[in-house]
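S.K.: According to TrEMBL, the compositional bias 'Basic and acidic residues' annotation covers 133-147. Positions annotated as domain 'DNAJC9 HTH' by TrEMBL: 60-127. Sequence annotations record features per position, and here TrEMBL assigns region 'Disordered' to 129-152.
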Amino acid sequence: QILGKVYAVLSDEKQRAVYDETGTVDEDAEALQDGRDWLEYWQLLFKVTVKDIEDFQKSYKNSAEELADVKAAYMNFKGDMDRIMESVMCVDYTDEPRIREMIEQAIDSGELPSFKAFVRESKQKMMARRRRAEKEAKEAKKTKDELGLSGENDLQALIKSRSRDREKEMDNFLAQLEAKYGNSAKKGGKKASAKKRKA
């Protein structure tokens, strides 16, 4: 809804002019009352499939962009492989030897400094990271299977599933509010009518 309102303001000349001049938005403006299903609109606008992600991963891995990201992560985290592996896109524990080799080559060529956290990392820390990553991969697969996600429309199915979950949560929340405050309001109403009868 927020993205929808931003889009509506920016694409409407009058609203844009008002916002540029005053820094505020007229919430009652016609441009913001078009009744569009914004969730559906943004899903259509940014439609991403699992194949799109897989294609991106293939083009990203071993690219100059990935190498630059690995070097930047190495510098940012002072050679801490835990944080490097968490921050670089599209990598999992099976990529670690490849990532480590990229860093070692950059150190050997003088492009990167030799951080102690990297060159003297203990075997225990490496194994702990691997066990953690394997556990997370299993949990992710289990969640995917439970949600019944497969094929081209995985992400759309996941979005719809999450949306349904949020609707249920909201319904439950409203039911709780009604149970908590609705009953007391009714009781209050009965007391008031009893007082009227006495009068």
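Backbone N, Cα and C define each Cβ position, glycine as well.
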S.K.: What mean pLDDT does the predicted model reach across the domain 'DNAJC9 HTH' (60-127)?
M.R.: 94
S.K.: List the helix, strand and coil residue totals of the domain 'DNAJC9 HTH' (60-127) as derived from DSSP.
M.R.: 46 helix, 0 strand, 22 coil
